[in-house]
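Novice: A single structure is presented below for examination.
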Amino acid sequence: MQEHTSLTLEEYRRYGRQMILRGFGLPGQLKLKNAKVAVIGAGGLGCPALQYLAGAGVGTIGIFDFDTVEASNLHRQVLHTTARVGEYKAESAKAALTSLNPHITIITHTCPLLPSTALSLLAPYNLVLDCTDRPQTRYLVNDACVRLDVPLISGAAIEWAGQWCVLGGYHQGGLPIPAAESRREDGDHKGIGRATWPAPSLPTGSSDQMSPPPTPTPRTRRPCYRCLFPQPLANTSGNDRSGTCEEEGVYGPIVGVVGVQMAAEAIKVVLGVDDPLPRLNLISMSPALTADPASTSTPFRSIRVRGPSGKCKACGEGPGVVVGDDLEAVGYDEFCGVRKTYDQYAGEGEDKVDVMGKRTTTQASVERISVQGLKDGFYDGRIPGGYVTSLDPVSPERSGRSEEGDGKKVLVDVRAELEYGLCALPGSTNIPMKAFLSDPIGRLRSISQTAHLPSEVYFMCRRGNDSLISAEALRAALSESESEAGKAVERCRVKDVVGGVRAWSDQVDPTFPMY
C-alpha cells in the first residue's frame with residue numbers, strides 16, 4: 001500500500017486544529033495518514049471509536065463485523081441509522097465514515113473472525129482495537145496480536161460500567177514516518193507540505209513548532225490480555241450466561257465514553273505519546289454511585305497493573321506457552337465455557353442436545369420443543385393473545401398460575417425480573433434462573449397448586465439458552481432426589497422451548513414485543 005509523505009491543502013484545512021497541538025504537528029498527522037488500524041466490531045464501542053479515528057485522519061481503517069444493523073442497536077451505535085437497518089454493520093459504518101471523511105481508505109470485512117483466519121486478516125494492520133463483547137473473540141484477537149506483535153487496545157462496556165486498556169508492544173517513537181521527499185515544483189499544490197527532518201526545535205514556552213521525534217528506543221512489551229485475565233471473567237449476574245450487552249443490557253452513553261477513550265489511546269499509540277506503563281482504566285455511571293451525596297467514589301479510575309507475565313500462555317516464555325501460530329488448536333469456546341446458542345442449532349430440527357449443546361447418542365432427559373409445540377401443549381392450540389407487563393393491574397410477578405393451562409402444566413419463564421416485567425406470556429410464572437438453580441425442586445413446588453410436582457414443566461427465556469440450563473438443572477435434581485421426588489421422575493416431563501420469547505414473537509404471535 002502506498003506510503004504518504006505529504007498532505008493536501010484540504011487535509012491541512014481539515015486537520016489543522018489538531019496539527020497545532022504540542023506533540024502532534026505535521027509528523028504526527030503523517031503518522032496517522034500512514035497508519036493501518038483494524039477495528040473489530042462496529043457496535044456500541046466500535047462506532048464512536050471509528051468516528052474519531054476517521055475524523056482524525058487515520059489513513060486506512062479496517063472494519064470487522066459480520067452482524068447486521070437492528071433497531072435495538074440504534075440507541076447506542078451512533079453510526080447506524082434507521083434507514084440502514086438490515087445492512088451489514090461494517091458497510092453501514094463505512095457509509096457514515098465516508099461521508100465524514102472521504103480522504104481515507106476504509107476496508108470492510110463482513111466475514112467472521114475465526115481462529116483459522118485471524119492471523120491472515122489482521123496481518124496488514126499495525127494496530128488493533130477490540131470492540132467486541134464475546135470472551136472467545138477477546139482471547140482470539142489477543143492471541144493473534146501477540147503472534148503478529150501488534151499493539152492491542154481492548155475495551156468493554158456492560159450495564160452501567162466500562163473499561164479500556166492498551167496491551168502489547170510499545171515503541172516510544174510511535175509508527176514510523178516514510179522517507180521524506182522534496183517539495184513539488186510542478187505547480188501541483190495538492191502535494192505540498194512534505195515532511196522533512198530535522199524540524200525546528202521547540203522554543204521554551206512556545207507550542208507552535210514541533211521538536212524532532214525522539215530516537216526510537218528498543219521495543220518493550222506491555223502485558224497482553226491473557227496476562228491480566230488468565231481465565232475468563234465471571235459475568236456480573238452470577239449465572240451461566242456470556243455477559244453480553246444483549247443479555248445484561250447496556251447504558252448507551254457508557255459505550256460512547258469508552259469508545260472515544262479507545263480512539264484517543266489509538267491515536268496516542270500511533271503518535272508515540274502513549275503511556276508505556278500498563279494501566280486498566282475504569283468508568284462507572286451507575287445511579288448508585290451518584291445517588292449518594294456522601295459518596296466519595298469517582299466515575300473514573302486508573303489502576304496500574306502488573307507487567308507481562310512470564311507464565312502467560314500467549315506471550316510468556318518457556319514450556320507454559322500453549323498459544324502458537326495454530327490458533328485453531330486453542331479451543332476458545334471450550335476455554336471460555338461458552339454454550340452454543342439456539343441460533344447455532346439451526347438445521348438440527350428437534351434433535352436432542354445436552355446442556356453443552358452437543359448431540360446426544362442416547363435419549364435426552366429434556367424434551368426440546370418449538371414454540372408451536374408450546375402453543376399446542378400448554379395453550380391447547382390457542383394463541384393466548386397479547387402479553388402482560390409489570391404495569392398491568394395484576395402484574396406478571398403476582399399473577400402466579402393463571403387460567404391458561406390445565407393446572408397440571410407449568411410454564412416457567414427464567415428471565416430476570418426486570419425483563420419479565422417488560423413483556424410476558426399470559427399464564428407464565430417468573431422464577432429468575434439464578435434463584436431457580438439454587439433449589440430447582442423447591443422452587444417448582446412453590447408454584448405448584450398441589451403437593452405433587454406438575455405433570456409437565458415448560459421452560460422459557462428470551463432466546464432459549466437460560467431455559468435449557470434451567471431445564472437440565474431440574475431434570476438432574478429430580479434424578480438425584482429420593483422418595484417422592486425420585487418417583488416423580490417418571491411422571492414429570494421437562495420441556496425446553498427452543499428460541500424463547502423471541503421465537504414466539506417471530507413464529508407465533510407478531511404482536512408480542514421484542515427488545
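Keep in mind that glycine also has a Cβ here, set from the backbone N, Cα and C atoms.
Please treat TrEMBL annotations as automatic predictions, because they have not gone through curation.
So TrEMBL says this about it:
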| type | residues | note |
| --- | --- | --- |
| ACT_SITE | Cys245 | active site, glycyl thioester intermediate |
| ACT_SITE | Cys461 | active site, cysteine persulfide intermediate |
| BINDING | Gly44, Asp65, Ser72, Asn73, Leu74, His75, Arg76, Lys89, Asp133, Arg134 | ATP binding site |
| BINDING | Cys224, Cys227, Cys312, Cys315 | Zn(2+) binding site |
| COMPBIAS | 181-191 | compositional bias 'Basic and acidic residues' |
| DOMAIN | 405-513 | domain 'Rhodanese' |
| REGION | 181-222 | region 'Disordered' |
Novice: Measuring CA to CA, name the entry from the recorded positions Gly44, Ser72, Leu74, Cys461 that ends up nearest Cys227 (Zn(2+) binding site).
Specialist: Gly44
Novice: Which one is closest to Cys224 (Zn(2+) binding site) in space, judged by CA to CA distance, out of the recorded positions Gly44, Ser72, Leu74, Asp133, Cys461?
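Specialist: Nearest candidate: Asp133.
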Novice: Using the centroid of the Cβ atoms of Cys224, Cys227, Cys312, Cys315 as reference, list every other same-chain residue with Cβ within 8 Å of it (recorded Zn(2+) site), in sequence order.
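Specialist: For the Zn(2+) site, the extra neighbours are Asn142, Val146, Pro223, Tyr225, Arg226, Pro308, Ser309, Lys313, Ala314, Gly316.
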Novice: Whole-number Å only: compute the distance from the Cα of Arg76 (ATP binding site) to the Cα of the residue listed as 'active site, cysteine persulfide intermediate'.
Specialist: 24
Novice: Report the DSSP secondary-structure composition of the domain 'Rhodanese' (405-513) as helix, strand and coil residue counts.
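Specialist: In the domain 'Rhodanese' (405-513), the DSSP-based counts are 51 helix, 19 strand, 39 coil.
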Novice: How long is the line from the C-alpha of Gly44 (ATP binding site) to the C-alpha of Cys461 (active site, cysteine persulfide intermediate), rounded to the nearest angstrom?
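Specialist: For Gly44 (ATP binding site) versus Cys461 (active site, cysteine persulfide intermediate), the Cα atoms are 24 Å apart.
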Novice: Show which residues of the chain containing Leu74 (ATP binding site), separated from it by at least 6 in sequence, have their CB under 8 Å from its CB.
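Specialist: When sequence neighbours closer than 6 are ignored, Leu74 (ATP binding site) has His80, Thr81, Thr82, Val85 within Cβ distance under 8 Å.
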Novice: Roughly how many Å lie between the Cα atoms of Cys315 (Zn(2+) binding site) and Asp133 (ATP binding site), rounded to a whole value?
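Specialist: Given the Cα positions, Cys315 (Zn(2+) binding site) is 22 Å from Asp133 (ATP binding site).
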Novice: Given the recorded positions Ser72, Asp133, Cys461, state which is nearest to Cys312 (Zn(2+) binding site) when distance is taken between Cα atoms.
Specialist: Asp133
Novice: Of Cys312, Cys461, which of the recorded positions has the most Cβ neighbours inside 10 Å?
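Specialist: Within the set of recorded positions, the most crowded position is Cys461.
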Novice: How many Å separate the Cα atoms of Ser72 (ATP binding site) and Cys461 (active site, cysteine persulfide intermediate)?
Specialist: 18
Novice: Asp133 (ATP binding site) to Cys461 (active site, cysteine persulfide intermediate): how many Å between their Cα atoms?
Specialist: 21
Novice: Around Cys227 (Zn(2+) binding site), how many other CB atoms lie within 10 A of its CB?
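Specialist: Excluding its own Cβ, the number within 10 Å is 26.
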Novice: Measuring Cα to Cα across Gly44, Asp65, Ser72, Asn73, Leu74, His75, Arg76, Lys89, Asp133, Arg134, which the record gives as the ATP binders, how far apart are the two most distant ones in Å?
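Specialist: Value for the max Cα separation, rounded to a whole number: 20 Å.
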